[in-house]
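Reading through the structure tokens given below for one structure.
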Amino acid sequence: MDQVGMGNAEHQGALAKGEVLPRPASSQSEGFKPRSVLNSLLSGAFAGAVAKTAVAPLDRTKIIFQVSSNRFSAKEAYKLIYRTYLKDGFLSLWRGNSATMVRVIPYAAIQFCAHEQYKRILGQYYGFQGKALPPVPRLLAGSLAGTTAALITYPLDMVRARMAVTPKEMYSNILHVFVRISREEGLQTLYRGFTPTILGVVPYAGLSFFTYETLKKLHAEHTGRSHPYSYERLAFGACAGLIGQSASYPLDVVRRRMQTAGVTGHTYGSISGTMREIVTEEGVIRGLYKGLSMNWVKGPIAVGISFMTFDLMQILLRKLQQLGYNAR
């Protein structure tokens with residue numbers, strides 16, 4: 001992160017005007033500010049899109065292993081990526097990424113807005129306006145934000161999973177996936193696997209926000225600086241993502257199996273039944289945690305790119321806004 005110049009005085013001044021996601025607890029008492037929220041929405045959506053695109057080949061490979069009974073290893077993952085490249089070309093490694101983008105942009109926007117509103121509401125309810133929320137409400141705010149975003153954008157996640165594990169001849173585009181699933185399997189299929197998704201989102205989003213803000217608080221107490229540098233945010237975000245992913249990963253595997261059951265020849269009727277079948281056939285570690293090591297690789301990469309892009313976008317938008325004020 002040093003190479004983007006975030007550690008200089010300009011970075012400190014920029015952060016003093018608007019904290020990077022998650023925003024400071026003081027925003028709980030600021031109320032609704034459309035321009036500030038819009039800037040954060042645009043920055044977060046763009047950052048999420050860039051980060052997801054960067055790790056799309058790894059994400060696609062992880063999904064393929066999650067929905068199959070093949071044993072995962074770094075060597076096998078590399079072989080799969082290389083075979084895909086030889087067979088279908090370089091761009092095939094990003095197959096399904098268009099569906100990811102369609103989902104990531106609204107998901108990031110909804111989750112951020114929801115989190116800010118939940119923080120404000122919980123801050124007022126518990127009497128912590130202008131102060132950092134205590135751990136439990138902070139955990140709750142993150143969980144509710146993740147649940148809200150997942151509820152609205154889940155069908156797009158289903159489409160992304162289908163496009164990632166099927167040959168390109170089966171589905172030509174995002175709309176084609178929706179049409180075929182609706183016609184051949186029913187509209188309810190678009191929410192297949194939703195329950196394990198929500199059960200996974202609650203600990204993932206909650207623990208991510210809790211870990212990130214706790215580390216930021218401890219950092220401020222230790223260093224006396226209330227605004228960490230971008231490379232420090234990268235480290236805090238990476239820790240938060242690793243903890244959240246590790247806690248919710250088995251449910252992510254169950255979700256993928258249920259989402260792709262229609263094209264893999266399996267029938268999964270319930271969360272517990274799916275878990276039992278996976279454990280029986282593949283074991284606990286090799287089944288429910290298949291591909292987790294790849295998540296530990298791509299997670300910090302995605303977080304790093306996301307935070308860097310968000311910082312740059314926030315600074316750019318504030319500069320443009322200031323130029324607009326000066327021109328008046």
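Placement of Cβ uses the backbone N, Cα and C atoms for every residue, glycine included.
Annotated repeat 'Solcar' per TrEMBL: 35-121, 133-218, 228-316, in sequence order.
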Find the average pLDDT over the repeat 'Solcar' (35-121) in the predicted model and report it.
79
How many of the residues that make up the repeat 'Solcar' (35-121) does DSSP mark as helix, as strand and as coil?
76 helix, 0 strand, 11 coil
